[in-house]
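*Asks:* Sending over a structure as structure tokens; questions will come in a sec.
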Amino acid sequence: MRSSGRKKEQIRPVKITRNFTKYAEGSVLIEVGDTKVLCTASIEEKVPPFLKGSGEGWITAEYNMIPRSTQSRKQRDINKLKIDGRTMEIQRLIGRALRSAVDMKALGEKTIWIDCDVLQADGGTRTTSITGSFVALVDAVNKLHQKKPFNVYPIRHFVSAVSIGIVGEEKVLDLCYEEDHVAKVDMNVVMIEEGEFIEIQGTGEIGPFSRKELDELLNLAEKGAKQMIQAQKNALKTDSLWIGTGRE
């Protein structure tokens, strides 16, 4: 039994609040345990120069932690005059994860900006950002679809992300900060509903880990990703019916 009382395969409570802010086409507050992230999706009727005239859209992401989202104040990136390596890595991960869910040709020449602002961090901020941003993305795309229906609905499948790791000798799902900072192995996994992988990030923090342990962790991740997708479906309700249909 973990210090939180959870079983090893149990995720933290998930709460997804849609339309959390007024102006963005999609906005979500996602809470996974004590981790809270505001995710917004904003639409621009243009694409980066390398896509002009291609007929394809683009999805890009920015990630930020507000100064007191952590136990001690974190300096804003703007005050350091550069984005730190961790932030850059995470926002690229979020962008890749969401682009993999979307038919860019069907989207057309539009850019969807995903902004993730961590309000409170207690482990799993990057995975929580992906899971919440997907819901914000669906809301934004649905608003486009309602204004002018797509010939082919561009979102192809659900995407979610979870963390897994080895703490002590136990393989556990959805690590909180207390577990994350002592984990022997720390992994983040992004998956689609059909059980296929988008990204696997894994590190032996103390030493190497075996193929058998890797397989066990990935099995655990699949269970967690399915639970996260169910939370997304519960939040979206009937607004998710177009996903994966490719229909008008």
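Keep in mind that glycine also has a Cβ here, set from the backbone N, Cα and C atoms.
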*Asks:* According to Swiss-Prot, Gly124, Thr125, Arg126 bind phosphate; which one of Arg73, Arg76, Arg86 is listed for that same site?
*Replies:* Arg86
*Asks:* For the recorded phosphate site formed by Arg86, Gly124, Thr125, Arg126, which further same-chain residues have Cβ atoms within 8 Å of the site's Cβ center?
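*Replies:* The answer, listed by sequence position, is Tyr63, Ile90, Val118, Ala121, Gly123, Thr127, Thr128, Ser129, Asn188.
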*Asks:* Just going by other Cβ atoms within 10 Å, which of the binding-site residues Arg86, Gly124, Thr125, Arg126 has the emptiest spot?
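*Replies:* Selected from the binding-site residues Arg86, Gly124, Thr125, Arg126 on minimum Cβ neighbours within 10 Å: Arg86.
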